[in-house]
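Data first, discussion second: the structure below is written as structure tokens.
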């Protein structure tokens, strides 16, 4: 650390991967990665190697989220250390393989950064998902991307929640970054969503190239939405949902939800109100894949994270 | 002059023909909860068409159920090893048909959703079915545009469930992602079914419905995505200028696709046509990026149910 000002000296990020098809029906990432596997010119940068990779090829082939189990929940310590036996769910086998290729998770041999490309049926716009509030490299990168995207908005979701945090495919890398762009139906490619995701990645790779070349990034702050809790649909005793996201909440990702605001509308026309004491910022509102995970939306609270200046560590 | 037609005594409302089109599935579940008490003016049978697919929240389990209602498919020999949907289509034909027979239900309304921005469409095989056309005329809704879409296919080759009834249509509402229920879409479907039932009750009790004009969109052709000649992989997305613009006239030279390479591909047809089902998720595997229709005004006569002696 310099005595004049706090600058974190960090290792270069030489090995970077871009994952598409972690969910086989989220088409923007699948299309981008397949395109870059054919022709990688657009993702090449000086001073780093960028590998495009289809993480769940069998699910992509069937245009389905997963075959046996959600790959993006499969990178738990138990799964990654499971012995190679017959009958392991496909995605557990795949998680172990990905951990061998791009990890091992938690080790110094792991890839420096992995971008995992996702789409959502929710109206989240362009969202970057972080798993740590103290990863300076990621905070600085996200700050760079947000500035570069202006006037287009890029929201930042931070999931550091002890219970709701999950073992993602990208967590194998030292610096995991989730890209979530919506709204886009499963199995559909929307041009504007595809191009937004493409642009975010362009800026992300530009940042890494600049960082690796020795550029110093001054201290910055990042506005984030921190995950608070998961809200399920009202259900009957058989587990069937009895209400839908209320029209006033539908598509209002990142907008404040206050006590007394409409939240759900039952099939027979009754409104259910939000009863929480504090204002929250909902996200992942009405995501198709989360009906089976008992989630109608997630609540978040706004926070400002600070990052020290960073530059590449001298050898 | 007034056309006299038989009463619409037996109605079927079907949902879950595709197991991930949720508005119809939830509406049918709600309708099934209400026990019929015998005072209903019209006999309505409510059916979950593809319960296995609905359970798994997938479009179909082995094959698209809504392509299994051609005369050939309905008369093909089936066994336990046949695809589930081939067995099911014959079950539905026995329950609600048989197709093209006197025993078939008078009207079959099959509930669907699409990822395309279609509003509410009644999709049918005839452009002179006065019952269907009058119902369409009756369905004026504040929440969504209502249109009549016609596929000019003879009854034998008509492949969808709605062709089983003496009169029938798919009530298709979009946009809604598959696997999601959006409350405005559910409400629109509920209102559409209610207005349809209102018309049927009034018609059956002898009300005269004045003739008039209905815009009919007749399907002309489908357009596939541009694909790589060797790998067959899609090389473009629906152009942002066309995305979500179902039923907005597409002129020769208008942008249609934006290639991943950045090039714009334009509509090369000679005739301006009306695009619909623009970017329907389930149609990628069928090689359809959008369908194109011709619009014309169809005159419909006044109708009244015939009094049986």
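Backbone N, Cα and C atoms are what each Cβ position is placed from, and that goes for glycine too.
Taken as a whole, the domain 'Succinylglutamate desuccinylase/Aspartoacylase catalytic' (A:13-208) shows an average pLDDT of 97 in this prediction. For A:13-208, the entry in TrEMBL reads domain 'Succinylglutamate desuccinylase/Aspartoacylase catalytic'.
According to TrEMBL, the Zn(2+) binding site annotation covers A:23, A:26, A:118. Take the CB of residue A:118 (Zn(2+) binding site) and look out to 10 A: across all protein chains shown you find 27 other CB atoms.
Per TrEMBL, the feature N-acetyl-L-aspartate binding site maps to A:65, A:180, A:290. Long-range C-beta contacts of residue A:290 (N-acetyl-L-aspartate binding site), restricted to its own chain and to partners at least six residues apart, with a cutoff below 8 Å, comprise A:284, A:296.
Within the same chain, the residues at least 6 positions away from residue A:167 (substrate binding site) whose Cβ sits under 8 Å from its Cβ are A:73, A:74, A:75, A:76, A:79, listed in sequence order. Per TrEMBL, the feature substrate binding site maps to A:72, A:73, A:166, A:167, A:168, A:169, A:170.
As annotated by TrEMBL, active site, proton donor/acceptor applies to A:180. Other C-beta atoms found within 10 angstroms of the C-beta of residue A:180 (N-acetyl-L-aspartate binding site) number 24, with every protein chain shown included.
The domain 'AstE/AspA barrel-sandwich hybrid' feature in TrEMBL is assigned to A:221-300.
Comment: N-acetyl-L-aspartate site residues A:65, A:180, A:290; largest CA to CA distance 15 Å, whole number. For the binding-site residues A:65, A:166, A:170, A:180, a Cα to Cα distance of within 10 angstroms from residue A:118 (Zn(2+) binding site) holds for A:180. Close to residue A:23 (Zn(2+) binding site), meaning Cα to Cα within 10 A, are none of the binding-site residues out of A:166, A:168, A:170, A:180. Residues near residue A:168 (substrate binding site) in space but far in sequence (CB under 8 A, at least 6 apart, same chain), listed by position: A:72, A:73, A:75, A:116, A:131, A:176, A:178. Each of the binding-site residues A:72, A:169 was ranked by the number of other C-beta atoms within 10 Å, and first place falls to A:169. Comparing CA positions across the binding-site residues A:26, A:166, A:169, A:170, the one lying closest to residue A:65 (N-acetyl-L-aspartate binding site) turns out to be A:26. Neighbour density at the Cβ, taken as the number of other Cβ atoms within 10 Å, is lowest among the binding-site residues A:26, A:73, A:170 for A:73.
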